[in-house]
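Feature annotations, courtesy of TrEMBL:
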COMPBIAS  330-345  compositional bias 'Acidic residues'
DOMAIN    128-156  domain 'C2H2-type'
REGION    328-354  region 'Disordered'
Amino acid sequence: MLHLFPSISDSVQSMRFKTLNPCISLSRLCHFKAKRGFDSLNQTSSVQNSVAVFWDLDNKPPNAFPPFEAVVKLKTAASSFGVVRSMVAYANQHSFSYVPKAVREQRRERKLLNHLENKGLIKSIDPYVCKVCGRRFYTNEKLVNHFKQIHEREHQKRVNQIESARGSRRVKLVGKYSMKMEKYKNAAREVLTPKVGYGLADELKRAGFWVGTVSNRPQAADVALRNHMVDVMDKRKAECLVLVSDDSDFVGVLKEAKLRCLKTVVVGDADDGALKRVADAGFSWTEILKGKAKKEAVSVVGKWKDRDILKQLEWTYDPEVERKLYGSEDMFDDESEDLDFDGSDDGNSSDYIHKEDSGAWWELDTESDADSSKSQ
């Protein structure tokens, strides 16, 4: 006969399981209901495999490489050590306004080509296509003028309309213009020249970095980045820290991370720098861009796993734990021994002890005394 309702024994077993399993009992105390597959065990495992990337742009800007490409390669290499949860970059205002030499040379060549195209001395094989409306132009300068006169003005109107709106109307406008604004940004990145710098902050944000701008005071970016790293360590938001810098001022932070049993990786061009000597692993920008760091990360992660296993096998003596585990058994054994000793006492032991203690302890028994004791 099938039972449609649970029996009393089943309910008792379920209650016993709830009390024995701390994860389930703790999840009951939350104000929200945990989704399936996102319980506390999964949260701890996600924290253990999480990676945080910190970039010192003042010390290590991507001057020789396109910023977006450098960030994508860096994130790919960092993902080999775990799941990248956060990416943070700090720099002062001068770093974002600075234009590298390679970018200046590209702009100079583009300006020269525009001048030659306007005079008709050279002609592009493929026409210049506007990626917003699809119109074609035979010179790059005409494309730029078209983009500024039409699409840039339309984009500015949309931005002003969104900023002036409030409440639900603003939300509707953002949803309405989101596709057009994203399309404009992608096209403007290739057509227009950034007014300040070479678009470093925008490229980093597009790749997923949180960019912080500090004042132009000396060491301002280092202090802000160091405080952010300490905050991540205090809150245990990551188990692996990836630092992009060659500045030796971060040696103390890396040592603190190792004392807290965190993994550390350094990306810099200094082969024998102070940071790479302290960190668990170190790579150069060339290794990051060529993909060599991702291949070497497999062996580094394997060494970390072996080290964790050896740490788990190490035995440490804790008197409090030993007393809790074995203290009651020792007391029970002592009491049983005392009971056995008291029970075996039949009255003859006291006489024997009295006989043994009849003489002084410094007087030795002679042979005659020993024979007399045996005869008695």
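Here the Cβ of each residue, glycine as well, is placed from N, Cα and C on the backbone.
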Checklist line | Spatial neighbours of the domain 'C2H2-type' (128-156) far in sequence, C-beta under 8 Å, 6+ residues away | finding: 110, 113-114, 117-118, 181, 183-184, 186-188, 190-192
Margin query: With helix taken as DSSP H, G or I, strand as E or B and everything else coil, how many residues of the domain 'C2H2-type' (128-156) land in each class?
Written below: 17 helix, 4 strand, 8 coil
